[in-house]
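Residues annotated as domain 'G-protein coupled receptors family 1 profile' in TrEMBL: 39-288. Taken from TrEMBL, the feature transmembrane segment applies to 24-46, 58-84, 90-118, 139-159, 198-223, 235-258.
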Amino acid sequence: MGNGTTVQEFILEGFPVVQQLGKVLFSVHLLAYLASITGNAVIVTITCTNTRLHTPMYFFLSIFSFFECCFTSTVIPKLLVIFLLGRQTISFAACLIQAFVFLFLGASGFLLIAVMSLDRYVAICKPLHYPSIMNLRTCLLLVTACCATSFILITSLLVKVSHLSFCDAHVIPHFFCDIGPLTHLSCSDTRSTEMMAFGLAVLILLSSLIITIIAYSNIAVTITRLPSAKERQKAFSTCSSHLIVLSLMYGSCVFIYVKPRQRSRPDSNREATLVNTVVTPLLNPVIYTLRNKQVHQALREMAFRMKISR
């Protein structure tokens, strides 16, 4: 850490305007958090236990759901403590760890979305080659590549942040240790750190977004060529629900992170961050399983086994 670092802990500001509604907000966010964890955990469980779901699509979906569980658990428990008990302090080391885990899981999730889009592209547009292309080895390599790339990029950024000097300012205008508000508090020259964060955000978000757009564009073209109107309608309704969640994720993250300068007070980022940490993890299990007969069947079988075990 830099020689000028005198701050040993930070204070997370949370939502001071509505802090008097702490218990109500605690209840709402707790229910959303439990629902999100339960939904994503169910997807992971049925994918692991049901042999019919041992396919590349559900493998990627289970990994994504696991990331979502960890992602929301990085932020929401601390927010619940702030709402209920008003404990807003966090140590310098814990702050850096929270920022790293949040950014690592977020970056890995966006890269995995691109991989999932490619998987759907190959399955729909190249069905005859799908089994040979998306085999288990390829799936493991793709997931490993997502995690390794995110780890290298985010570690390099957090190492740079850890060498910044923090003097008197110690109130983070956010409900967790995000990179923008944390950099904003530094009394060092943060231009190179801000530009690095901006560059990584552009690289991760836009590259993933471009791959996803290209994949879904090709999927849309293939769907329009389907002979059955019922099949076209079903495919479009499934893709549109996926795209709604993706637009929420990409839109909020581009709004927060694709900014070359982070010096302005990031008040508006808090509401946008709630979309990614509360709303989309809650919607994902519903969106990805709502019209999926295989998942419905797996859920019925799991419920039946639980009933028999009693």
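Glycine is treated like the rest: Cβ placed from N, Cα and C.
Automatic prediction, not curation, is the source of TrEMBL annotations.
The stretch from 24-46, 90-118, 139-159, 198-223 that makes the most Cβ contacts under 8 Å with the transmembrane segment (58-84) is 24-46. In summary, the transmembrane segment (198-223) lies against the transmembrane segment (90-118): three or more C-beta pairs, each 6 or more positions apart in sequence, are under 8 Å.
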